[in-house]
């Protein structure tokens, strides 16, 4: 090739190798610092930390594929071949590497956006309903009410579903429904982005489907950038990619509408529960009478009034009630023999991207009033597999754009550049806008409707354990204060210097017994 174009290729000098070695070491150092910062930021979420480790291992494994490329170079030097093995291997390795990188970046972006969205709702479980009503009344009196109305509506809906869920299952306020939702959301996020070998099968299917539609399976994969044949080649690939990305965004939008509708149905029944206090399911007549846009504000006010008149349980009584419910849920779970645990169906738990395999998880749902609600979804597992496919195909779409569309794009003018980049806009909208909302909506539905008994029993056991630890901690603090002739206020003042440290500020102690 070099002789044809009249270019003489010289061997690399030692100084140039040293220069690129410095660049490679610096790049590796920046990446390592970025990973360490990310792990430190996600230290409170073990599932997210495990997911970051999984993604970095996946990138390292894909990087080792380059060894095959070097083997192909050695083979090509020993024998003259009409088709370049090195170029084919190099293109395949680049596609795998960019695909792994794009899926990792997409997972990190979604995790960061989810943490920003859920952090605002974490403190909602610590507030009583009358405090939420007071916040709403104060916000309504300000000129910025129109801008914060949706934010308050989201909090009210979550509070209503929280009350409905605890009322149905007989759980006290210390259960912490917001933390329950966050735990399920983190587990769901880990399952969605825990891509196994099935991801590469989907990559192969998309590869052959894409080039079958463009009619390039037997054509040259790569062409010199200055050839005139690249313009019709880019037009063909660009049109197919635009149809692909737009169809994926449309499908994700429809799926989000279905999940939002499902959650709205749960909120509607929770609203009726707050307006019509009864253990029985609300009637269809009352179901239609309360369908007003402002009824959620009336519902939270009604529930705040009802909450103030009900005698609250003491800490010990609330703990015993939760513990009894957890034991009853655990007793209803079937025992699994060791043979069943090691059966070939257990492979499904390690590789969630295999929807054809059935899963032997403990899904013995307790029949409750919430489960009688009719929602426009089949099951949680089907929704999870569908959402995982959407995120996987969306992440792989970035790789195909970067390796098969963008290199042939005419970027001579601003109009051509904008037109070329516009093809990837639907994928960006799915990642930044739709993906966090899809995960959040599915987590809200799954944490309320057809709840897995094993999951709920595990959450209750964790809450009971934490409450026992807090009681023991408060008892130790009181004993220490009596021994040192101090008060809890002295302990508060002693903890003030430690609150400056970020790691210590993420923990807290309830000093009020």
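Placed from the backbone N, Cα and C atoms, the Cβ positions cover glycine too.
Feature annotations, courtesy of TrEMBL:
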TRANSMEM  17-39  transmembrane segment
TRANSMEM  59-75  transmembrane segment
TRANSMEM  95-114  transmembrane segment
TRANSMEM  192-215  transmembrane segment
TRANSMEM  235-259  transmembrane segment
TRANSMEM  385-409  transmembrane segment
TRANSMEM  421-439  transmembrane segment
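Under 8 Å from some Cβ of the transmembrane segment (421-439) lie the Cβ atoms of residues 106, 109-110, 113-114, 117, 185, 188-189, 192, 238, 241-242, 245-246, 248-249, 252-253, 255-256, 259, 387, 390-391, 394, 397-398, 401, 405, all in the same chain and six or more residues away from its ends. By the count of Cβ pairs under 8 Å, the stretch nearest in packing to the transmembrane segment (192-215) among 95-114, 235-259, 385-409 is 385-409. Remote same-chain partners of the transmembrane segment (235-259), defined as residues 6 or more beyond its termini with a Cβ less than 8 Å from a stretch Cβ, comprise 210, 213-216, 376-377, 383, 386-387, 390, 393-394, 397, 400-401, 404-405, 408-409, 419-420, 422-427, 429-430, 434-435, 437-438, 441-442, 445.
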